[in-house]
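Visitor: What Swiss-Prot shows for this protein is this:
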- 1-32: signal peptide (SIGNAL)
- 28-72: compositional bias 'Low complexity' (COMPBIAS)
- 28-88: region 'Disordered' (REGION)
- 33-444: topological domain 'Virion surface' (TOPO_DOM)
- ASN60: N-linked glycosylation site (CARBOHYD)
- ASN61: N-linked glycosylation site (CARBOHYD)
- ASN66: N-linked glycosylation site (CARBOHYD)
- ASN67: N-linked glycosylation site (CARBOHYD)
- ASN72: N-linked glycosylation site (CARBOHYD)
- CYS92-CYS109: disulfide bond (DISULFID)
- ASN108: N-linked glycosylation site (CARBOHYD)
- ASN116: N-linked glycosylation site (CARBOHYD)
- ASN147: N-linked glycosylation site (CARBOHYD)
- ASN220: N-linked glycosylation site (CARBOHYD)
- ASN225: N-linked glycosylation site (CARBOHYD)
- 237-330: domain 'Ig-like' (DOMAIN)
- CYS256-CYS318: disulfide bond (DISULFID)
- ASN286: N-linked glycosylation site (CARBOHYD)
- CYS357-CYS416: disulfide bond (DISULFID)
- CYS361-CYS390: disulfide bond (DISULFID)
- 445-468: transmembrane segment (TRANSMEM)
- 469-485: topological domain 'Cytoplasmic' (TOPO_DOM)
Amino acid sequence: MGLVNIMRFITFAYIICGGFILTRTSGTSASASPATPTTNTGEGTSSPVTPTYTTSTDSNNSTATNNSTDVNGTEATPTPSHPHSHENTITCTNSLISVPYYTSVTINCSTTVSVNHSEYRLEIHLNQRTPFSDTPPGDQENYVNHNATKDQTLLLFSTAHSSAKSRRVGQLGVIPDRLPKRQLFNLPAHTNGGTNFPLNIKSIDWRTAGVYVWYLFAKNGSLINSTSVTVLTYNAPLMDLSVHPSLKGENHRAVCVVASYFPHNSVKLRWYKNAKEVDFTKYVTNASSVWVDGLITRISTVSIPADPDEEYPPSLRCSIEWYRDEVSFSRMAKAGTPSVFVAPTVSVNVEDGAAVCTAECVPSNGVFVSWVVNDHLPGVPSQDVTTGVCSSHPGLVNMRSSRPLSEENGEREYNCIIEGYPDGLPMFSDSVVYDASPIVEDMPVLTGIIAVTCGAAALALVVLITAVCFYCSKPSQVPYKKADF
C-alpha cells in the first residue's frame with residue numbers, strides 16, 4: 001500500500017515538473033521571436049510597418065511605376081510588387097557620380113542572383129534630367145535650346161532583348177537628338193545567368209547626365225528590386241570682360257562674357273560700379289545661347305550714364321558665382337576702367353594749291369592724319385604738325401596736315417581722317433571737293449581780261465559821246481566872199 005502511494009507521488013511530481021519545463025520553453029521562444037515594427041499614426045494608435053524597398057528616383061521623385069520608352073517610342077512599364085526575397089538585390093559601387101564634362105564613366109552594378117532568362121529580366125533605364133531644374137541657384141537664362149530633348153525615360157538595356165530580337169525592336173543605347181547617331185554607351189553583355197551588369201558611358205554631357213536605374217523583374221513581370229545611380233556633370237565657365245571707350249558725356253559701357261559652362265542656370269552674375277552694385281533692371285541687358293554641345297554662353301552688357309560730378313571714369317566690375325552643384329560654388333571677377341575721349345573738331349579747306357586739314361583737341365600721342373582721295377589712299381605724303389594746345393581741354397593739342405592737290409583733271413574729294421582712336425568710337429573726319437580742270441583754273445584770268453576790255457570800251461564810248469556833244473554845241477557861221485568887202 002505504501003509502495004503504491006509512493007509511485008503515485010513520483011508520477012504526479014514528474015507531470016508537474018514536465019509541465020513547468022514546457023511552459024518555460026514556450027515563453028522563451030515567444031520572447032525570442034521578432035516583433036513587428038509599429039509606427040504612430042498620429043491618432044494615439046500604432047500600426048504595423050511593412051518593409052519597403054527603394055525603386056528608382058528621377059528628378060521628380062518618381063518611382064519605377066512611371067512609364068518608360070525605348071528609342072523607338074515603345075513603352076516599357078515596370079510593374080511594381082513586393083520583393084520576392086531580401087537576398088535578391090542589386091548593388092552598385094556608387095549612388096552619386098559627379099564628373100567633368102566629356103568624362104567617360106563606368107557604373108559597376110551586380111545582382112545577388114543569377115539572371116537566368118527563363119526566370120528573370122534585368123533592364124537599365126536612363127531618366128534624363130537637368131540639374132537645378134526645380135530651384136536653380138543661378139540666374140534664369142533667356143534662351144531657347146533647340147538641341148535639347150524633353151526630360152524622358154529611355155530604355156537602354158534589357159536581358160530580354162537578345163541580339164536577334166534587338167534588330168526588331170531597334171538599337172538600344174542610342175539617344176535620339178539632332179546630333180549624328182552614334183553609340184553613347186557600352187552596354188552589358190547578354191549572358192544567361194550573369195550577375196555583373198556594368199554600364200560604360202562614353203561621354204558625360206547634357207544628353208547622358210541623369211538618373212540610371214537597374215530593374216530586376218520576375219518571369220511574370222513583377223518588380224523584384226531596383227537601384228539607381230545619379231550621374232551629374234559640370235564644366236567651369238570661361239570669363240572675359242571688355243570695357244568700351246566712350247566720348248565725354250556719353251554712357252559708360254562694358255560687356256561681360258561667361259562662356260561654355262554647365263549645368264544650366266548655374267551662374268549668378270552681378271555688376272558693380274566703384275564697388276556699388278548696379279541696378280540690374282535699369283542698366284543691364286542679358287543674352288544667353290546654348291551650343292550644339294549643350295554648353296551655355298551668357299553675354300551681359302552694362303550701360304551706365306556718365307556722372308558730370310565725377311572727376312575720373314568709374315571702375316566697372318563683373319562678378320559671377322558658378323555653382324558646380326547644389327553645395328559647391330566658386331567666384332570669379334574682372335574689372336576695368338573705361339577710357340573717355342573728347343570728340344575733336346575736324347575741318348578741310350583748299351589753300352595755295354594744297355588741301356589743308358585742321359584737327360582741334362586731339363591727344364598728343366598716338367593720333368595721326370590719314371588722307372583719302374576719291375576713296376583711294378594717295379601716294380603723296382602729307383605733312384602733319386602740332387600747331388598748339390587746345391584751349392578748352394588742357395592736355396589736348398591742335399594738329400594741322402596738308403597735302404598737294406592732284407594735277408589730274410576733274411573733281412576730287414579730299415577726305416581727312418583722324419586715326420589712332422580705339423575701336424568702338426565713331427570716325428572723326430571731314431572732306432572738301434576740288435575741280436582741277438584747266439577751264440576751271442583759267443576762268444579767273446579770262447574773267448579779268450574780259451573785265452578790262454569791257455572797261456576800256458566803255459571809257460572810249462564815253463569819250464566819243466562827250467566829243468560829239470561838245471562839237472554839236474558850237475554856234476554855226478555863214479561863209480562870206482572877198483568881194484563883199
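Yeah, the Cβs are placed from backbone N, Cα and C, and that goes for glycine too.
These numbers come from a predicted model, not from an experiment.
What's the neighbourhood like for these features in this structure?
Guide: When other Cβ atoms within 10 Å of the Cβ of CYS109 (disulfide bond) are tallied across all protein chains shown, the result is 21.
Classification of ASN108 (N-linked glycosylation site) by DSSP places it in coil, neither helical nor stranded.
Look at ASN116 (N-linked glycosylation site): DSSP puts it in coil. For ASN116 (N-linked glycosylation site), the same-chain residues 6+ apart in sequence whose C-beta sits under 8 angstroms from its C-beta are ASN192, GLY193.
ASN220 (N-linked glycosylation site) falls outside any helix or strand according to DSSP and counts as coil. There are 7 other CB atoms within 10 A of the CB of ASN220 (N-linked glycosylation site), with all protein chains counted.
With a 10 A radius on its CB, ASN225 (N-linked glycosylation site) counts 24 other CB atoms from all the protein chains.
The domain 'Ig-like' (237-330) scores a mean pLDDT of 93 in the predicted structure.
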Visitor: Looking at the recorded positions ASN220, ASN225, CYS318, CYS416, which ones sit with their CA no more than 10 Å from the CA of ASN108 (N-linked glycosylation site)?
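Guide: Near ASN108 (N-linked glycosylation site), where near means Cα within 10 Å, there are no recorded positions at all.
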Visitor: Could you check the disulfide-bonded residues CYS390, CYS416 and say which one's CB has the fewest neighbouring CB atoms inside 10 Å?
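Guide: CYS390, out of the disulfide-bonded residues CYS390, CYS416, has the fewest neighbouring Cβ atoms within 10 Å.
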Visitor: Please list, in sequence order, the residues in the chain of CYS256 (disulfide bond) that are at least six apart in sequence and whose C-beta is under 8 Å away from its C-beta.
Guide: MET239, ASP240, LEU241, SER242, LEU269, TRP271, ILE299, SER300, THR301, VAL302, CYS318, ILE320, LYS334
Visitor: DSSP-wise, what's the residue breakdown of the domain 'Ig-like' (237-330) into helix, strand and coil?
Guide: 4 helix, 55 strand, 35 coil
Visitor: Tell me, by DSSP, whether CYS357 (disulfide bond) is helix, strand or coil?
Guide: strand
Visitor: List nothing but the one residue from CYS357, CYS361 whose Cβ has the fewest other Cβ atoms within 10 Å; the candidates are the disulfide-bonded residues.
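Guide: Output over disulfide-bonded residues CYS357, CYS361: least Cβ neighbours within 10 Å is CYS361.
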Visitor: Starting from the Cβ of CYS92 (disulfide bond), draw a 10 Å sphere and report how many other Cβ atoms land inside it.
Guide: 18
